[in-house]
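For reference, the structure discussed in these notes is given below.
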Amino acid sequence: MTNILSPEKSDNDQELPIRPSYLQEFVGQQQIKENLSVFIKAAKSRNQHLDHTLFYGPPGLGKTTLAKIISNEIGGNFKSTSGPAILKAADLAAILTNLEKNDVLFIDEIHRLNTAVEEILYPAMEDFELDIIIGEGPAARSVKITLPKFTLIGATTRLGLLSNPLRDRFGIPMRLNFYNTEELKKVLNRASKLFDIDLTDSGSEEIAKRSRGTPRIALRLLRRIRDFAAVDGKSRVDKEISDFGLKRLEVDLIGLDSNDYRYLKFIADHYNGGPVGIETIAAALSEERDALEETIEPYLIQIGLLQRTPRGRVITIAAFEHLKMPIPNQSHHQFNIFNENE
């Protein structure tokens, strides 16, 4: 699923080096920043590595950025890979044996590691040792390699898919939450200076409140609205040009786009608001289940338009009102069922 409001990374998101380098520059996630600052200072005061850290939550909220910040704060090298890229245990062994003391190894989509690779990680995380097999058949022997004290940082949008043994080995688990409008305005104002964009306060607010609580989306929208302003001969990005650009991009007043409307209208039109299973929705919309669960549903749930119930997805009365559709008679019964299961 590719669209302007997708929180997933895209090549176009890397236009300028706008990532903050240190905790004091990072906007939002205040509790996480404060706790990380304490943990990092404590580790440095003891001359120890930082405990292995797990960032989880919706995409686009700063998990990779925070991992790089930790690397800068503790003064180690930053090594990055992803779960799908590590196909064999030997691939991970090669990465681990090239680490140095205080290095940060960042594994994105860590929930997609296969079992054989995970088993290599367990002793590496707990004891900083790597057990490898040399040779084949009767001549094969196990060799134990001591690893330097490093920090593993995992990132996942699907915490429930992480195995319990792996999850339990992270000493610092942290959930990243959606941003509010004021926090996104700060992100946009900082970026506007780096992009050399004359962004007014009203323009910043208009973009922020329609960015789905996600910095990555806010920055992407800012770049596109800058394009509309330039072509229209505008020297600044204000509320008027922001609203114009967002309408052209089919982003409505609460940050929904055509994909969200397709999703909501399918449930409303064909299932009277639900409940309906996610597999049915995915098949009907010709989308992957993972794409719906990671890209569309989190924000709809966050703003109260969608509920996940034991019987399936149910859109709320607020969703019907936003769609300007009549509310089916049985809707109140669906929501009562949901509330009873809470």
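In case you wondered, yes, glycine gets a Cβ from its N, Cα and C as well.
Swiss-Prot has this to say about the protein:
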- I18, R19, G60, K63, T64, T65, E126, D127, F128, R169, Y179, R216: ATP binding site (BINDING)
- T64: Mg(2+) binding site (BINDING)
- R289, R308, R313: DNA binding site (BINDING)
- 1-179: region 'Large ATPase domain (RuvB-L)' (REGION)
- 180-250: region 'Small ATPAse domain (RuvB-S)' (REGION)
- 253-342: region 'Head domain (RuvB-H)' (REGION)
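Known features from Swiss-Prot, placed on the structure.
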residue : record           : contacts (Cβ under 8 Å, 6+ apart)
I18     : ATP binding site : R190, A191, L194, F195, L219
T64     : ATP binding site : S80, F106, D108, A155
E126    : ATP binding site : R169
F128    : ATP binding site : T146, L147, P148, K149, F150
Y179    : ATP binding site : G28, L61, V187, G213, T214, P215, A218
R289    : DNA binding site : I278, E279, A282
R308    : DNA binding site : E297, I301
R313    : DNA binding site : I267, G274, P275, V276, G277, I278, I281, E297, L306, Q307
Requested in this report: Would you mind checking how many other C-beta atoms are within 10 angstroms of the C-beta on G60 (ATP binding site)?
Outcome: 28
Query - Within the region 'Small ATPAse domain (RuvB-S)' (180-250), residues counted as helix, strand or coil by DSSP - result: 50 helix, 2 strand, 19 coil
Report summary line: Averaging pLDDT over all residues of the region 'Large ATPase domain (RuvB-L)' (1-179) gives 89
Query raised in the report: With a radius of 8 angstroms around the mean position of the C-beta atoms of R289, R308, R313, what other residues of the same chain does the DNA site pick up?
Result: G277, I278, I281, L292, E293, E297, G312
Query raised in the report: By DSSP, what is the split of the region 'Head domain (RuvB-H)' (253-342) into helix, strand and coil residues?
Result: 54 helix, 9 strand, 27 coil
